[in-house]
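Listed in Swiss-Prot:
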type    : residues                      : note
BINDING : Cys44, Cys235, His260, Glu264 : Zn(2+) binding site
BINDING : Lys294                        : ATP binding site
MOTIF   : 46-56                         : motif ''HIGH' region'
MOTIF   : 291-295                       : motif ''KMSKS' region'
Amino acid sequence: MTQPTITQDTARQPNPNITLYDTMQRQKVPFVPGTPGYVGMYLCGPTVYSDAHLGHAKKEVAFDVIRRALTHFGYQVRYVSNITDVGHLLNDADEGEDKLQARARLEQLEPMEVADKYFWSFFRDMDALNVLRPSINPRATGHIQEQIKLIEELIEKGHAYESAGSVYFDVRSWPEYGKLSGRKLDDQEEGTREAVRDEKRDPRDFALWKKAEPEHLMRWDSPWSVGFPGWHIECSAMSLKYLGEGFDIHGGGLDLQFPHHEAEIAQAEAAGHHFARYWMHNNMLTIGGEKMSKSKGNFTTIQDILKKYDPMVVRFLLVSSHYRSVTEMNEEAFASAANGYRRLSETLHEIERRLKDAPAGSDTALDSKIAARVTEFEDAMRDDFNTPKAVASLFGLTGELNTALNAGPVGRDTLERARDAYRSLGGDVLGLFAETGSAASVAQDDASVIDALMDLVLKARQNYRLQKQYAEADELRETLGKAGITVEDTKDGARWKR
């Protein structure tokens, strides 16, 4: 398997001096792609058997920002994220019912109907959160032959064995098993609570292929039995197919570090393939200090949270926390995020409003402040994608711009630089200002309509004042106040905010 070809037109050699935290090395290290100008990223995607929850949102937004930042710094990024639609069993191990099949029985649907239903549900949620679509979105069921081929390679090299129609990875044959998580093989043996199945040589061996029971609906022919692939093999096979040997970044949630990512490495490397060069993991969400999980019943779906909060407020809350930090989700955190996002978006709207009739020229002092904040933002993103510091830079810029805007007219050139900085850093990198036409831009499209309507309302109020119809002008102001809109009279005319 080879690295995808880069054309001469798109190949670049940026050198932004990025450092990232590599889980394998357990420290921050310089990021040097295997191919200059190109980054291959693989993210473990969802198992599509139910609606996505906020834990999925944390992971997807975190790696979306990393992808956006790499693009901002000049890299061509191929971003692959899989869809698990077979092989993920209820206990995340080798026994139990397939999660999709269990849901299919509950909803009285075919497993593939369940997969399609929640596949599209997942992407509606991601679109709302302004998460860019992956370059490639491979589904496990569409890559059965690639998985079988990798299993055959492992058997041939003596790292896997067939037993009663199933195939297992022989962990004792691969001494490096456990190097990502730091778990020693002997410690794993002492700590295991799984009884050794007759068909397993060792309780720590994991399934590469499972023989299907008669009631199992999802099944394919293989050299060993009619069955289905194990959960771990799909990611090894598909990442190598679409990103090639030694691709750059493999990402996922911290909960996947063991056993899933550990198994991926063992499968790929034992078969003779050079696997991922950097490993990145996002941390978890907590609610009331407890880890959010379905087993605890304290999880919230993305759809439910979007009924209460603007999608960009949810995204703002997520990027305000470092991807390697725990993010606490509560009403206070959402209220703070709503205020913070409102401050940024209102400043951008005010800049765009002022541009309509801004005087020519620029403000050298303010231009210097804008440039300094851009540098500050980019330095934060170079340092292991430190989004909290990057957001703080945007707030610093916001304060400086509002001070200048309140002091009087600002030159067009400077306003354009400020607008471009907001759109580039807050929009293109952090994804907080959605592109026109995307699902996430709907609320912002609505905001544009509100801006236009408010211009008309303020002009009507000004006409009342000019005609000395002060009662009518005050009534308009009071009505707006009841709707949560504050009108401020300044020397440059009336301004409004929510």
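Cβ coordinates come from backbone N, Cα and C, glycine included.
Overlay of Swiss-Prot feature records on the structure.
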| residue | record | Cβ within 10 Å |
| --- | --- | --- |
| Cys44 | Zn(2+) binding site | 21 |
| Cys235 | Zn(2+) binding site | 28 |
| His260 | Zn(2+) binding site | 18 |
| Glu264 | Zn(2+) binding site | 27 |
Additional residues surrounding Zn(2+), by Cβ distance to the Cys44, Cys235, His260, Glu264 centre under 8 Å: His232, Glu234, Ser236, His250, Gly252, Leu256, His261, Ala263
Surrounding residues of the motif ''HIGH' region' (46-56) on its own chain - C-beta under 8 Å, 6+ positions past either end: 83-85, 88, 99-100, 102-103, 114-115, 117-119, 121-122, 125-126, 253, 284-285, 292-294, 299-303, 305, 329
Cys44 (Zn(2+) binding site): secondary structure state under DSSP, collapsed to three categories: coil
